[in-house]
Amino acid sequence: KTMEDVQKHSVHTLIFRSLKRTHDLFVSNQGNLPDFDDHLEKVRRSIKARDIYGSVLDRANQAMHAKKLAIQNGDPERPLAITDGSPNAAAAELSMSAAEGGNGASLVRYTRGGVATGGKEKPNSSSIGTTSLVRASMPGNSAGNSNVQLIPKKAPSIPKPKWHAPWKLSRVISGHLGWVRCIAVEPGNEWFATGAGDRVIKIWDLASGKLKLSLTGHVSTVRGVAVSAKHPYLFSCGEDRQVKCWDLEYNKVIRHYHGHLSAVYSLALHPTIDVLATSGRDSTARIWDMRTKANVHTLTGHTNTVASVVAQATKPQIITGSHDSTVRLWDLAAGKSLCTLTNHKKSVRSIVLHPSLYMFASASPDNIKQWRCPDGNFVQNISGHTAIVNCMAANTDGVLASGGDNGTMFFWDWRTGYNFQRFQAPVQPGSMDSEAGIFAMCFDQSGTRLITAEADKTIKVYKEDDEASEETHPVNWRPELLKRRKF
């Protein structure tokens, strides 16, 4: 090949190809253990024995020496007995065994070849020279090992994505006079609440889309709402640094949680304990006692706006995503960071918990990443949503939806990261195209309706297309393209 041919590829491509070749070369036998070396094993054991038991090794040698002398002098192997180790006890034990004589002594004698009871040996053919019941096929045993070596392991295949029906717009709800910034569906699935740039929280009927109630009280944009499953309370937070608790029986604010030094961008209710978590532009997340209004913990560690906070009943109970491009997992009891995930290269604006799997996803403009709880082990990248991803939602059916700052919506299969649908949400008539932007989204409690909050001041409700089938919307799945992910 000429020099010009070689230089056509970038260094990145060449390294990627080299990595792929190496992977393909070794993938078939990566599970096999290395050959067993007796000499190395003996050396390893002797080093370990000297290191750990060096101070008492001479005693063991003396005991071994005494045992050898006893065998040479014709002293029979002693039956095992539990004594306190004193010479008197040993003498008593010997006299006892002599008194019992040969009439089926209850003590069991241990021999290398088998088990002897009452002086009569019963050799166990399968365990000669060992105490194990099953013959172990050691890697050094060529007969047992050759058949393992001959079968090449199949390269791990990528699972085929599950088919999901495409989603379509079913209703557009207008009523807010500013950007709609947040949504929460109540546990009974009858209504949902939205907060917006017009400083109003509105309660909507989920079935009809009609306005039920408007709550005023915030003096700046409302950025987060959450409905309690255990109390008739609605919680809200906003850019006015306020966190409010509304009693929905009286439609009044009954508690304020003071402490944030700047705008509060996100809030989450703990599912089992009466605490709420809020996070905001002061680079902290705060844990509040719902009843006493006390600031139980201030979770510090992020170096920029904490844009998203979620809470769950199992460890890690609090997860935060920040504009400093990290995701942190927190120990709620201690109020300390358990671990920091630094894989993202850009701001993390959204965290979503999977409703049934013990997993969560984090969204950033570089890609969406999936993680496994409780330690935050990386699962996979979901690439393709190139916009700034403001929000995500997941349902039990395995659908992950993501909404972008430019109004694009992507639907993914959670398990495989396959993008089965994408579209640009149409803007409200009279709005500019540049006003397309999705700020928040959530599934209702059944997972069959997706509600989005948008920059054209509307709330859009999407549902699955009932008429679609696998024939009309086939899975266009090409794993060889999927696997070429960017590092």
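Cβ from N, Cα, C; glycine included.
Per TrEMBL, the feature repeat 'WD' maps to 173-214, 215-256, 257-298, 299-340, 382-422.
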Other than its close neighbours in sequence, what residues sit by the repeat 'WD' (173-214), given a CB gap under 8 Å and a spacing of at least six beyond its ends?
220-227, 229, 234, 236, 238, 246, 251, 428, 437, 439-446, 449, 451-455, 457-461
May I ask for the residues of the chain that lie six or more residues beyond the repeat 'WD' (382-422) and have a Cβ under 8 Å from a Cβ within it?
158-164, 166-167, 347, 349-357, 361, 363-365, 367-370, 436-443, 447, 450, 452, 454-455, 473, 475, 477, 482, 485-486
Please list, for the repeat 'WD' (215-256), how many residues fall into helix, strand and coil according to DSSP.
0 helix, 24 strand, 18 coil
Please work out the helix, strand and coil residue numbers for the repeat 'WD' (382-422) from the DSSP assignment.
0 helix, 23 strand, 18 coil
Secondary structure content of the repeat 'WD' (257-298), with strand meaning DSSP E or B:
0 helix, 21 strand, 21 coil
DSSP-derived helix, strand and coil totals, residue by residue, for the repeat 'WD' (299-340):
0 helix, 22 strand, 20 coil
Mean of pLDDT values spanning the repeat 'WD' (215-256):
97
